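Chemist: Per Swiss-Prot, the features are:
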- 3-23: transmembrane segment (TRANSMEM)
- 25-45: transmembrane segment (TRANSMEM)
- 59-79: transmembrane segment (TRANSMEM)
- 93-115: transmembrane segment (TRANSMEM)
- 149-169: transmembrane segment (TRANSMEM)
- 178-198: transmembrane segment (TRANSMEM)
- 200-220: transmembrane segment (TRANSMEM)
- 242-262: transmembrane segment (TRANSMEM)
- 274-294: transmembrane segment (TRANSMEM)
- 323-343: transmembrane segment (TRANSMEM)
Amino acid sequence: MKPPILIIILSTVISGTMIVLTSSHWLLTWIGFEMNMLAIIPILMKKFNPRAMEASTKYFLTQATASMLLMMGIIINLLYSGQWTVSKNLHPMASTMMTIAMTMKLGLAPFHFWVPEVTQGIPLSSGMILLTWQKIAPLSVLYQISPSINTNLLMTMATMSVLIGGWGGLNQTQLRKILAYSSIAHMGWMVAIMTYNPTVMILNLMMYIMMTLTSFMLFIHTSATTTLSLSHTWNKTPLITSFILVLMLSLGGLPPLSGFIPKWMIIQELTKNEMIILPTLLAITALLNLYFYMRLTYATALTMFPSTNNMKMKWQFERTKKMALLPPLIIISTMLLPLTPMMSILD
């Protein structure tokens, strides 16, 4: 894709999200989502092959259905309230329709089927945008309507998402699919806290974006797409591979690393609201995520993958991809836990 075209498309994606974030009118919010969806499709189809075409079509159909449901929710709200203003007091039926539309856009269970398939069919750079930037707009709408959302509906979806995000990733060897299932689980954690403390949800989203962004940047740097190709990067770039493995554990929520902060805070908030069963269930199912990340780390770091290739050293030309953002992102994604006492300002 030529640079001017790419700049125009990326700026449309960004402006679409910004319109959703800043608008106080439902029609403008809907237009922002449509701009964002239509601009992201050329980015997904950057590598023009059948798999990318299929992934883009799946993405388009899902997002178009979600936009239709959103517009239906907006119209129902308009009929009952007579106003287009984005407000916290929505009609219950309109609120349910909008919640389902946003969860479809986010890829929460039971509307999660498109996420792994689309992520697997597109390049790493497109997957990075899909699993980070594209989550901001739907979550901002959920944040704005959080007081009128049906808590039981959201909690059911959250629990299912964390379960499916854990189970789905167990037998995967493709790194993009592993990150897609991880995304489903993280979205589950975010919507679990939505109706109780939306500020913690924003903190969780920031941490998730930092960790996923860093993971994708490191995968792009090493050109790793499978667990086998990741295990071969030990010989080529041992330092970067070790960073990837620590990041994987952080994404799984292992305590000394940054990924533990949002899970800790969400469990704390839920128990403050006298909920015991749900945070226990979320904590247990989060172990599934941690298990497949630990298994990936163990297999890559301490064992040799079965491979027909006897020569483990990859041919490599003298080229380095300059990524100035990587060092600070790696530090934030792994070493933020000591700063947790400062989080008390959120209360």
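The first residue you see is number 1, and the count goes up from there.
From the backbone N, Cα and C atoms, a Cβ is placed for every residue, glycine too.
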Chemist: Quickly jot the same-chain residues contacting the transmembrane segment (200-220) by Cβ under 8 Å, restricted to those at least six beyond its ends, or write none.
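Modeler: The answer is 124-125, 127-128, 131-132, 135-136, 139, 143, 175, 179, 182-183, 186, 189-191, 193-194, 240, 243-244, 247-248, 250-251, 258-259, 261-262, 265-266, 269, 321, 323, 325-326, 329-330, 332-333, 336, 343, 346.
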Chemist: Should the transmembrane segment (323-343) and the transmembrane segment (242-262) be scored as in contact, given a threshold of at least 3 Cβ pairs under 8 Å and pairs 6 or more apart?
Modeler: yes
Chemist: Which sequence-distant residues neighbour the transmembrane segment (149-169)? Criterion: at least 6 residues beyond either end, Cβ under 8 Å.
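Modeler: Contacts of the transmembrane segment (149-169) (Cβ under 8 Å, skipping residues fewer than 6 from its ends): 92, 95-96, 99, 103, 108-110, 112, 116, 142, 177-178, 181-189, 191-192, 194-195, 278, 281-282, 285-289, 291-292.
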Chemist: Hey, which of 3-23, 59-79, 93-115, 242-262, 274-294 has the most Cβ-Cβ pairs under 8 Å against the transmembrane segment (178-198)?
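Modeler: Comparing 3-23, 59-79, 93-115, 242-262, 274-294: 93-115 has the most Cβ pairs near the transmembrane segment (178-198).
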Chemist: Apart from its near flanks, which chain residues at least 6 from the ends of the transmembrane segment (274-294) lie with a Cβ under 8 angstroms of it?
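Modeler: Hits for the transmembrane segment (274-294): 155, 158-159, 162-163, 165-167, 169-170, 172, 178, 182, 185, 188-189, 192, 248-249, 251-254, 263, 266-267.
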